[in-house]
Amino acid sequence: MGTISSVLQWSCTKCNTINPTESLKCFNCGTVRKVFPQQQQQQHRSSSITASWTADDALEQEQAEKGQERDKEKGRAAVARSEYKHVYKSLLRGCLKRPQRNSQNLPANCVDCEDTRKYIKSSIELYRHFSNPALNRRWVCHACGTDNSSVTWHCLICDTVSYLAPIYKDAIAADRGQDLAGSLGNRGELLAADHSHPHHHHHYLHQELEEQHQHQLHSQHLHKRHLKGRSASGSGSGPGSGSGLRRTQSLSTAIDKSASGRSCHICYANNQSKDIFNLPQIKPAPQLTGIPPVAACSNSRFAIANDTFCRRKQNNNNKNQNHKVVRESGAKRKYNFTITTLSRSAAKDAGHGQMKPLRQVVNLNLNLQQEPQQKSPANPQQLQRKTQREPAAVSMNPTQFTIPRNGVFIAVNEWSEPMASSSSVSSSSNHHHHHHSNSNSNSSGNSNIINNNSSSSSGSNKLYENECVALAQQQLRAAAAQAAQAAATAVAIASSPSAKAMAEPAPTATMPIYAQVNKQHKLKKKQQIASESQTNNNTGSGEIADAVSESLTAGLGTSTDGSGEASESESQVEEHSIYAKVWKGPRKATESKIMHDPGSSSRLSGAASAAAGTASAGAIAAAVGAAAASRHDNKTQLGNGSRSKMWICIKCSYAYNRLWLQTCEMCEAKAEQQQQQLQLQQQQQQQQQHHHHHLQQQQAEAPRDEPWTCKKCTLVNYSTAMACVVCGGSKLKSISSIEDMTLRKGEFWTCSHCTLKNSLHSPVCSACKSHRQPQLSMAMEAVRERPDGQSYEEQDAAAVGGGGGSAHQSGANEVKAPTALNLPLTSVALPMPMLQLPTSTAAGLRGSRSPSPRMQLLPSLQQQRNSSSSGAIPKRHSTGGSIVPRNISIAGLANYNLQQGQGVGSASVVSASGAGSGAGAVGASTSTKKWQCPACTYDNCAASVVCDICSSPRGLASAVLGEALGRKSVRVALTPADIRQESKLMENLRQLEETEALTKWQNIIQYCRDNSELFVDDSFPPAPKSLYYNPASGAGEGNPVVQWRRPHEINCDGGAYPPWAVFRTPLPSDICQGVLGNCWLLSALAVLAEREDLVKEVLVTKEICGQGAYQVRLCKDGKWTTVLVDDLLPCDKRGHLVYSQAKRKQLWVPLIEKAVAKIHGCYEALVSGRAIEGLATLTGAPCESIPLQASSLPMPSEDELDKDLIWAQLLSSRCVRFLMGASCGGGNMKVDEEEYQQKGLRPRHAYSVLDVKDIQGHRLLKLRNPWGHYSWRGDWSDDSSLWTDDLRDALMPHGASEGVFWISFEDVLNYFDCIDICKVRSGWNEVRLQGTLQPLCSISCVLLTVLEPTEAEFTLFQEGQRNSEKSQRSQLDLCVVIFRTRSPAAPEIGRLVEHSKRQVRGFVGCHKMLERDIYLLVCLAFNHWHTGIEDPHQYPQCILAIHSSKRLLVEQISPSPHLLADAIISLTLTKGQRHEGREGMTAYYLTKGWAGLVVMVENRHENKWIHVKCDCQESYNVVSTRGELKTVDSVPPLQRQVIIVLTQLEGSGGFSIAHRLTHRLANSRGLHDWGPPGATHCPPIENVHGLHAPRLIT
């Protein structure tokens, strides 16, 4: 914007203040700018008449004009000096900035630069007024009279352009070209006549040239550019008529520049005085023989260029320095530099000028001037005549003007200058253009510069600001006429022999651009872009000119110059054919080139110029033919020419980069990167074309008269059918021999980068271009991880090596794809496990692997267990043993089982295969010397059948493998979203789920409305199966439910008023229990009713639904679910509700009850329960149960209850508004029914805890019976004498209410079993993970990452048991343990952090403050280990819910094989009771809070075993993880072992544990007389190795 603001300004004639063009008044004095000269309007009106003149009339007018003009010039010479002084005085004062420090030294008149050169050299600066984008322009539209005040130059009413709008200089040239369009239409006939009379025209032309030369010398002192008057002739060729818009110029390279290397012009000095910077005086140029002299305007212009100069200092405060540098860069090694800058059309000229060195340009033009004299002396005379008749502006050499391309042209009233137009170029492109060389030397020693100015004799009128609207309308009208003229000219060229020398391009209408600024958006490398663009155009024109350049060398040179001129005029059409209303930001450099082909006009112009300069008629005809062919080719390319010359950048996706550019215009990425992509696309296209051609050829070669068989359905079709008449299959695909392109197994290799399957013969991936890696590296990269830490490939390769050459040879013929298995044994440098078994085939080794544990694995494992426990020791062999190794794959194990079934021992197999090959035997002997114990990781000798340290048998590995496979099968079913999660705000999760549920509900409502139906839930229909487990027996006698009614059909005591509502300020007293024994749910609802917001969160549908569809959000077994129910409720024969209801005709109680019944299967499933279950279901919050009885503890404890601690917990829970419920007479309490009834209590009943108070030393609790009646009758009852007036007013201000009572804390401890607390919090985060409680191992293991200290609640849920009857229910014992861990990659059990109680309940939980660290969560359950569940889909499911005050990261991982044993050992060491049985031996017992017993023995002896006998046979209602209640084990030295884990079987009944521990020291691992021979554990621990395997003391 800086450069543009420097030219969009005008000088006040009164005070010389510089004002921006947008302002119509002077900022300083208020003088109104003059914009309507009357003389210009008259000239404008005359311009419209000029266009209609013929060429003959124009010639006569030119001759008359010359005589009149010479008479007038003498009179004008006297006043010329005063006129140009007046003009430049105002310009100089406007452009000069007077510095404050030198204002007193500034002369009053700055016209004479000689008097002020010292001051000018030191203080002249170009004043630039910075643009104000928010400046509003106020002007009156001349068309409709609207007073406009906006930033645009267009009227808001009629869209008329303002007469004040600035315009570009190119629009002036376009206007002149259109004015001459009519007069030049018949010029072809005149030119043809000139060729037929060369002598006559030579004499006439020579006379005019002499007069022109005399007038040229005289016009050097008159400065015709400043004359206001102009002849009415529109096409006169006299030198006196060649006045135009005058632009001040500067010599950018002729002086010693400032430090910044920038210069410009401001003031004017006449050519009679010496130049203030020692510029040479202009001398009359010698006239060469046969060369037409340059017009007066040309010399005058060059004289002014030498006499005009200004100096601009570097302005450090100028904000447009970067833009100035770009402007000056285009002006290097050039003479003339105008303040009225060109637009982007000058880019091509500037670039073309830079292509040639200055000396080369001089020599080229001199040669072009001399060659026509030598070869064709008559042609210059003819051309002299024609040159005077034609506008000379077409010969403007690009080396003369290098003008910045960023800017606009401001039309000054009294200035004019010749411009090249499209019409003048097209009409004169068939002539030689001889340029007068005027060489001058300056003080800087620059090279000679060609000044090829030509006087313009066109009749184009001056363009002023008030002509903008007329010009726009005239351009539109002239477009159609020029298009018709182009067609007529093409026909004349093709038909007329005399017109063969003409090949002018069709003139294109040029639309002016108004008020469009900052057109060049890309300033960087614009000279290079322009140069490349011009080079491309010259190349295109040179191709046509080569056809005729052999006979005349000048033809080629003229063709090149002509192409530059044509590209200049064409660029005006291309660049300025946009009518811009307002400036909408910088345009891209290639924006105007999208719809135009820049090579079209240049090629035509070059061909025509070459043809015109050729004497041979045959060469001319050839050139015309070449031009016509070029025109025809270009017509076919115009449609896609822009896209075919563009390339797309793969880095930034910019699609309009010109083809000749080496870098992207947007991101400057190199175009070399596109070559590979283009080549690839070409190859693909060629392949597709070849394939298509091949198919067509085969179809053509196929016999036409024979039937063909469809490949899809095998139907024989007639030969005339092109598709199968049955299945529509293609005939071409059926008869062709082209196979399917899909690569089959063994015919491809997989890319390691993009996983694309490529053909084997392709060394490079066709997608990512990655090279194919060697087979060995590919095999190494595809290492698959085993559950036990090693890879399948390691033991596969080891199996091949152990098997020797026979195994390798047998598998080599079956494997097609190259793998590591069929490579030479010496090249496969893979790590070998200690002992491996051979495989039959490599294909079987890879193909039979499966994650499922049910693949005929268990029978063989059982056989192995029996053989290992029998004590039979196989025959020793140096190459192997009879026990299945630890590191063996599934396929290897299957092969091993197959070999066992054939009666072949593994030892003999290894021996036989090892003898097959020498290399194989060596590999087998080196890899089987030792084997690693899976229990203690000790490397044992190959001859040992049991571990030398822990005495674990080799067969233990098979059990470990089966356990790992089971874990893997379960883990495969988990999705990545289930494995790794992040905790989220509970409120956000609720809103998200409600939004999803609302969409489903709206669809149902819309369906019901469209069909005029009421919603009926078919998944929970109004039928007996929704009431009972067994509908047949339950629907018999005593069934109170007779019918199902909707709310408006239910009979109520209050009648029809008030209407039914979902909520009416829910209160605990509104709940009324029905005949169903679901007090646990209603007591939880009563607690929820204390907080209305919690009740409304449960019911998603909070308003009455006319269609009867409601949604309830519940948390079943730890997982949130939205339940959809209808409003059909069970009623008796009188129409009253049978089950729970709410007073005041509210629906929230029966609807919630029905939703809970639906998720559990039926209403009968709601019978009996605990309030904590109801609270967890309704809120989903973590819950805790505080036992109030010693018998309620999970394990009888000698410690008494801490009553004060319990009371403190109740008080604190009430303070934070936790929800609480009390269980009366439940659990293991001994209940006296009569005593409870006398006290007003119901045993096995749930009550709501409404308040907890410690007042005046009394500990009181406020309870409520869900029945709404039957209250407490003991101490602190409503009629108790313990109440004082103060206490009654404080605690019962509204008096007694039915079902609500106060009771002392002591009575609660006596009559109640426990108090359940629901920890409802706001602003907490939650995450819920789903897992499986697999028997015989621990599968639910979670890695927890705490990023900042947080308070956390952990709750482990199991699947609900209410879906089945009580007799079929069996709950698991649950426990969740939290450990610290060090490495997240390989987590191991660390220090114990916290654990929950192990209880046989629906869920257990614990609470802990966690620091920033990594934790390991282990979920435990034991009482289902020996239930015989084999189907993984029948394994019990669990959900781990984690609530935290801060956000957490959780990830489900696969536990290590011994993680369960390490967890129990760590837990027992921390929480268990320690018993020193003997020296070096310690026994640990874990009973408290464990719902069973854990016995763990530690052997600290270094070289002695400890035999331990544990007898628990007197216990009842417990189960053992060993499968038996009596165990015998041999604990190795320096190791610990979990001996037995006893678990409560039924949670409702009590249990008893009696254990007796006997131990002794031994010098060997065997049990001797305590067990079978050779046994170390009885019963064996293979099935439970993960829990009962000995572990090293760490």
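Backbone N, Cα and C define each Cβ position, glycine as well.
Here Swiss-Prot flags 215-229 as compositional bias 'Basic residues'.
If you look up Swiss-Prot, you'll see 246-255 (among others) marked as compositional bias 'Polar residues'.
According to Swiss-Prot, the feature phosphoserine maps to SER250.
Taken from Swiss-Prot, the feature compositional bias 'Polar residues' applies to 371-385 (among others).
Per Swiss-Prot, the feature compositional bias 'Polar residues' maps to 528-541 (among others).
Here Swiss-Prot flags 860-871 (among others) as compositional bias 'Polar residues'.
The annotation active site is assigned in Swiss-Prot to CYS1079 (among others). Counting every protein chain shown, the number of other Cβ atoms lying within 10 Å of the Cβ of CYS1079 (active site) is 30. In the three-state DSSP reading, CYS1079 (active site) counts as helix.
What Swiss-Prot lists as active site is HIS1245 (among others). Using a 10 Å radius centred on the Cβ of HIS1245 (active site) and all shown protein chains, the other Cβ atoms total 22.
According to Swiss-Prot, the feature active site maps to ASN1265 (among others). ASN1265 (active site) carries neither a helix nor a strand DSSP state and counts as coil.
Note: ASN1265 (active site) has non-local neighbours ARG1242, HIS1245, TYR1247, SER1271, GLY1299, VAL1300, PHE1301, i.e. same-chain residues 6+ apart with C-beta under 8 A of its own C-beta. In the three-state DSSP reading, HIS1245 (active site) counts as strand.
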